[in-house]
Amino acid sequence: EYLPMEWLADPTAWLGLATLIVLELVLGIDNLVFIAILADKLPPHQRDRARVIGLSLALIMRLGLLASISWMVTLTAPLFEVFDKSFSGRDLIMLFGGVFLLFKATMELHERLEGHVAHHQGPARHSAFWPIVAQIVVLDAVFSLDAVITAVGMVEHLSIMMIAVIFSIGIMIVASKPLTRFVNAHPTADEVGEDIADLVEDGDEQ
């Protein structure tokens, strides 16, 4: 039902594809900042590999979410109410995701402050490769839920959604390297990014 490609002859569908790609990139900015922060914890020769593997796994995950589109739509249905406030499956995922991001931001700030002291006492310590990749995938899972639900609400063809996700993840893979260099050159940028991410999550929960 969703895979036919008749939309290729429809200018409106192409406009929807371009709009969706831009929107996916905008929603992915805070994700990129966190990826840059996590990759910076690895030895320099492993950072590019971690970003590519993490975002590639994230792409597979997003395509899987889109493939289960009928289930994704039901996540917006209210599950229960607390003090006249309805909560859906999407709200719960974003709530727990926001708590996770708040925890990560606090831990990152603590590590940055501790690392600044340790830098003067000895060589820097680096994190293990696969745990960092796993954190990149988990973070993308949190950030991608809104992007996927937005895609479902904007266009009706699964193929358009998948193309938009593939393009946006591809651009994110390319953009993650210079962004990591920027974060390394401007140590306060990661703190700003964490604040922005927290604001985004707070806005989604309201």
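Cβ atoms here come from the backbone N, Cα and C positions, even for glycine.
Whatever TrEMBL says is automated annotation, not expert-curated.
Annotation comment: TrEMBL describes 12-38, 50-72, 92-107, 128-152, 158-175 as transmembrane segment.
With respect to Cβ pairs under 8 Å, the transmembrane segment (12-38) is most closely packed against 128-152, considering the stretches 50-72, 128-152, 158-175. Remote same-chain residues near the transmembrane segment (50-72) are listed as 2, 35, 38-39, 42, 129, 132-133, 136-137, 140-141, 144-145, 147-149, 151-152, 158, 161-162, 165-166, 169, 172-173, 176-177, 180 (criterion: CB distance under 8 Å, separation of at least six residues from the stretch ends).
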